[in-house]
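Structure first, commentary second.
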Amino acid sequence: MAPNLYEVESAPLLLDENNNRNDQRVKPTSPLDAALNGSRKFYGSTNGNSWQKIERYDPLQHRKLENPTTNLDTLMHILNGNLGTGILAMPDAFKNSGLYLGLFGTMIMGSICTHCMHILVRCARELCSRYQVPSMSFAEVGQNCLECSGLPRLGRLIGFMINSFLVLMQIGFCSVYFLFVAVNIRDFLEYASIQTDVFTVLAGILIPMIALNMIRSLKLLAPTSMVASVLAISGITISFVFLLQDLPRTTTVSAVQSWNTLPLYFGTAMYAIEGIGVLLPLESNMKTPRDFCRWNGVLNTGMAIVVTLYTAIGFYGYLKYGDAAEGSITLNLPSEVFLGQLVRLLMAVAVFASYALQFYVPMSILSPVVRRHFGSRDAQDCVEYTVRIALVLVTFTLAAIIPNLGAFISLVGAVSTSTLALVFPPLIEIVTFWPGRQYGRWNWIFWKDVAIACFGMSGFLIGTSTSVTQIVTNWE
């Protein structure tokens with residue numbers, strides 16, 4: 001006997017007896033029915049009498065993109081999204097962890113975060129197949145995995161929480177980017193004998209920042225990401241010229257710091273790994289998305305480069321400057337030397353160009369919400385541009401009142417990045433494959449996900465309280 005029609009998992013393609021494609025589609029009773037059947041091929045009936053072989057819906061084959069990105073474009077976006085202000089704060093992170101704990105801790109945390117990125121993409125594709133859609137956002141993945149398990153109300157709550165954390169995280173990133181650009185341009189202008197203050201520079205770059213963020217397409221942002229990545233790598237390379245000169249012995253700095261400062265290390269390190277917010281938009285906009293998660297694919301290649309640079313900058317920056325390491329390594333470079341000022345200028349321009357990519361995420365969340373309240377296309381575009389300008393002004397205001405760059409970076413990392421990168425992805429994987437209990441031998445996937453989520457939640461709670469305490473102390 002052929003299986004029941006409603007074991008069909010998604011919007012399948014029906015094949016006749018000659019294996020010719022038939023565009024007629026079969027709709028399952030619910031995604032929960034689809035979740036209970038993990039096989040690749042199914043059987044369904046279109047007229048109640050005859051049964052035909054049905055292929056499982058492949059979301060990657062149903063994406064219709066106007067401006068798809070190439071593998072190189074996506075790799076540049078990954079580097080651009082991660083090689084921002086976070087990597088320059090790694091010496092400050094190592095100052096709070098100790099030289100060797102920071103060395104191994106950063107590599108381990110980078111590997112865990114990369115694994116969680118793979119988890120998120122895998123679950124997104126699985127849920128897209130069940131729901132017959134080509135792509136999903138981070139929040140939709142969180143919401144739909146719970147809906148598949150019969151918890152639609154909780155799913156809507158989780159979806160709202162994920163979107164809220166994403167908006168908060170990206171607004172925090174953009175605020176730090178704004179301040180970073182202003183501080184480094186101010187230092188460069190002072191080197192050129194032009195005296196000014198940070199607020200004046202913030203005001204001066206406000207209009208160019210608004211203009212840059214009127215770009216709505218990731219494809220159109222690809223050249224900007226390419227320029228930003230080249231400038232960032234150039235600035236980091238020149239930084240190594242200073243970091244590797246006259247290095248002291250490793251015994252001059254602490255190998256392991258006290259427990260009191262480790263939460264600050266965790267928050268800064270998690271802030272540095274800031275690509276989780278743009279992960280699904282990048283993957284869903286690729287021309288060849290199957291290359292994204294291969295062992296030698298775009299994601300692993302990009303994150304291997306990123307984690308290596310994080311570790312090297314943190315290790316040598318802390319070894320070189322010790323407890324004098326600032327919230328950005330550019331602030332430690334000699335101000336009287338032209339190369340030191342060149343690094344500040346290169347990184348300021350690179351971070352300025354990276355702002356638009358970080359800004360893309362909150363706008364992709366907020367834009368549909370505001371556009372649906374207006375009927376005409378012109379009105380929708382007008383209100384979206386208004387929201388873009390308003391959000392840039394919000395980040396400008398936050399940048400103007402941030403009291404301490406290092407403490408604020410740690411707070412953003414502990415509050416948003418740890419939850420989005422370490423808590424939600426493993427929990428989503430547990431719930432996504434809960435109906436069929438697809439957890440491997442001895443349920444190792446389940447226990448692995450529980451351990452990662454507990455680690456992320458501990459970092460969130462402890463890191464947030466420590467960062468807030470430090471900010472309040474600095475403000476006083």
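If you go along the chain as it appears here, the first residue is 1 and each next one adds 1.
Glycine residues also receive a Cβ, built from the backbone N, Cα and C atoms like all the rest.
Nobody curates TrEMBL annotations by hand; they come from automatic prediction.
What TrEMBL says about this one:
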- 69-467: domain 'Amino acid transporter transmembrane' (DOMAIN)
- 99-121: transmembrane segment (TRANSMEM)
- 157-180: transmembrane segment (TRANSMEM)
- 192-212: transmembrane segment (TRANSMEM)
- 224-244: transmembrane segment (TRANSMEM)
- 264-283: transmembrane segment (TRANSMEM)
- 295-318: transmembrane segment (TRANSMEM)
- 338-361: transmembrane segment (TRANSMEM)
- 382-402: transmembrane segment (TRANSMEM)
- 408-434: transmembrane segment (TRANSMEM)
- 446-472: transmembrane segment (TRANSMEM)
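The listed stretches are 224-244, 264-283, 295-318, 338-361, 382-402; of these, 382-402 has the most Cβ pairs under 8 Å to the transmembrane segment (157-180).
Among residues of the same chain six or more beyond the transmembrane segment (295-318), those with a C-beta under 8 A of the stretch's C-beta atoms are 71, 74-75, 78-79, 82-83, 86-88, 90-91, 93-95, 99, 102-103, 106-107, 110-111, 113-114, 117-118, 121, 236, 239-240, 243-244, 247, 253, 269, 272-273, 275, 279, 286, 325, 329, 332. Scored on C-beta pairs under 8 angstroms, the neighbour of the transmembrane segment (408-434) with the top count among 99-121, 224-244, 264-283, 338-361, 382-402 is 264-283.
Long-range contacts of the transmembrane segment (99-121) within the same chain: residues 90, 93, 138, 141, 250, 253-257, 262, 265-266, 269-270, 273, 275-276, 279-280, 283, 292-293, 299-300, 303, 306-307, 310-311, 314-315, 318-319, 421-422, 424-426, 428-429, 449, 452, 455, each at least 6 residues beyond the stretch ends and with a Cβ under 8 Å from a Cβ of the stretch. Long-range Cβ contacts of the transmembrane segment (338-361) within its own chain (Cβ-Cβ under 8 Å, at least 6 residues beyond either end) map to 77, 80-81, 83-85, 88, 166-167, 170, 173-174, 177-178, 180-181, 184-185, 187-188, 191, 205, 208-209, 212-213, 215, 218, 221, 224-225, 227-229, 231-232, 234-235, 238-239, 241-242, 274, 277-278, 281, 330, 388, 391-392.
Note on the transmembrane segment (264-283): residues 69, 74, 77-78, 81-82, 84, 86-87, 89-90, 92-94, 96-97, 101-102, 105-106, 109-110, 113, 116-117, 120-121, 124, 135-138, 141, 166, 169-170, 173, 218, 257, 289, 292, 299, 302-303, 306-307, 310, 357-358, 360-361, 364, 406-407, 409-414, 417-418, 420-422, 459, 462-464, 466-467, 470 of its chain, located 6 or more positions outside it, place their CB under 8 angstroms from a CB of the stretch. Distant neighbours of the transmembrane segment (224-244): 73, 76-77, 79-80, 83-84, 87, 212, 215, 309, 312-313, 316-317, 320, 329-330, 333-334, 339-340, 342-343, 346-347, 349-351, 353-354, 356-357; these residues of the same chain sit at least 6 beyond its ends, with a Cβ under 8 Å from one of its Cβ atoms.
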